[in-house]
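The structure under discussion appears below in the form of C-alpha cells.
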Amino acid sequence: MKTNRILWVLVFIAIINSMGFGIIIPLLYPYGKKFGVTQHTIGLLTAAYSIAQFFATPVLGSLSDKFGRKPILVISLIGTCASFIIFGLANSIFVLFAARILDGLTGGNISVAQAMVSDISSPKERAKNFGILGSAFGFGFVIGPAIGGLLSTFGMKVPFFFAAGISILGVLLTLFFLKETNQDKSGKSKGNKHHFNFVSLYTVLKKPVIGTAIFTGFLLTMAQFTMLIGFQTFSVDNLKLTPTQIGLFYGGFGVSGILMQMLVPAVKKVIPSQAVILLISTMFCLGMMLLAGFATGLVLFAISVGIYGLFNGLRNPMLNAIIADHNKPNERGEVMGINQSYASIGQTLGPVTAGLVTAISIHSIFFLSSLYILIALLFSIRLITKEKQS
C-alpha cells in the first residue's frame, strides 16, 4: 500500500471538502434571510446540521469498519453535494432545514478520513499525518469564505452550486484515485462480531484514555466556538471592523493554526508525548483567551487571538493520534465518528452558551471560553496519568 499517495489524495479531498463547507457557511444567513431566517433561527439552522451529525457520524464510522472506508466516504460526499444543490434550489425555510439535516446525516467525511489516516499510519507517524490532514481541512476553511464571497457577486445561488461541483470532484477522486485502507472489514471477516449501538456514545467515555481524550476535545471545541461568537461581536461592535477586515482577520486566525499543524513533526521531536504537547498547548490557549477577555484595542486582541489560534492548531492532531493509538483497528471508524459527534455538539453548545452571557458583556464570552479551556486543562493533566497507566 502506497501510504504517501493515499495520504496526499486524502489531503486533496480534505481541501475541496472543507472548501465547500467554508464557501457556504458565511452565506447561510444572508441567503436564508429571503426565506425568513432571522438572527435567532440561524442558530437553529446551524444546530440542525450538528445534531444530525451527532447521531450519524458514529453509525457511518461503524459502517466503514464493516464495509470499508471508501464506499462510506463516497456516500458522505454525495450527500454533501446533494445538500448544496437542494440549498441552492430552496424555496422555503423548511427546505433549507432539510438540506442542512441531510448534510449532517451524511457528514461522515471528516471521521472516515481520520480513520483512513489511522489505518495507514504507524504509531510514530500518526500525529504528523493527522497534522497534515488537519492543515488540509484548515486551508480549505480559510480560502472557502473568500471564494464564496467572490462568487456571490454573480448571484447568491452560485456559491452553493459551485460547492456542489467541487463535492462531485471529491467523489471522483475517491472513486478513481483512493485505495481502500481498511484491510480488516468485518463484512469479509466472520470473526468480527462488533456492531454499533447508540449506547456506545456513552460507554466510550468510560474508556480511560479514549474517553478522556474525547471529552477534552469536546470542551476545547466548545471553547473555540464560544470564542468565535466573541470574535465576531467584538470585531464589529467594539473594533468597528468592516466585513472585509473581519474576513482577513479570521483568515489570519486560520492560517496560524495551519502553520502550527505543519510544525507537528518538529514539535514531536522535541516533546515525544502527545498528551504533554496537548497539555502545554492548552495552557497557552487558556492564557491567550484570558488576555483576549481584557483586550480593549485591536493590537492586544489580535496578538491574543493569533497566539491562541497557533496553539489551538495542535489540538486535533494530538487528540486524534491519542485516540487512534488506544483503539482497536476494527473500531477505528466508529470511535473517530463518536469523537466527531461530540465535536459537533461542542460546535453547537459553544455559540448557544456564548449568546447567554452576551447580555453581561462581550468580554464575558472570552471568560466563558476560558472556563471551558480550564476544565479541559484539568482533563489534559488526567490524560497524561491515564496514558502512563495504560
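Backbone N, Cα and C atoms are what each Cβ position is placed from, and that goes for glycine too.
If you look up TrEMBL, you'll see 6-29 (among others) marked as transmembrane segment.
The domain 'Major facilitator superfamily (MFS) profile' feature in TrEMBL is assigned to 6-388. Mean model confidence of the domain 'Major facilitator superfamily (MFS) profile' (6-388) amounts to 85 (pLDDT, 0 to 100 scale).
Residues or ranges marked as transmembrane segment in TrEMBL: 72-99 (among others).
Remote same-chain residues near the transmembrane segment (130-154) are listed as 7, 10-12, 14-27, 30, 110, 113-114, 117, 121, 162-163, 247, 250-251, 254-255, 257-258, 261-265, 313, 316-317, 320-321, 324 (criterion: CB distance under 8 Å, separation of at least six residues from the stretch ends). For 130-154 (among others), the entry in TrEMBL reads transmembrane segment.
Sequence annotations record features per position, and here TrEMBL assigns transmembrane segment to 160-178 (among others). Remote same-chain partners of the transmembrane segment (160-178), defined as residues 6 or more beyond its termini with a Cβ less than 8 Å from a stretch Cβ, comprise 6, 9-10, 12-13, 16-17, 19-21, 23-24, 27, 31, 70, 73-74, 77-78, 80-82, 84-85, 87-88, 147-148, 151.
Taken from TrEMBL, the feature transmembrane segment covers 209-234 (among others).
Taking Cβ pairs closer than 8 Å, the transmembrane segment (246-264) reaches residues 127-128, 130-132, 134-135, 138-139, 141-142, 145-146, 149, 231-232, 235-236, 302, 305-307, 309-314, 316-317 in its own chain, all 6 or more past its ends. Sequence annotations record features per position, and here TrEMBL assigns transmembrane segment to 246-264 (among others).
Among the features that TrEMBL reports, transmembrane segment is placed at 276-309 (among others).
The feature transmembrane segment is assigned by TrEMBL to 360-384 (among others).
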*Which stretch, 72-99, 209-234, 360-384, tops the Cβ pairs under 8 Å count with the transmembrane segment (276-309)?*
360-384
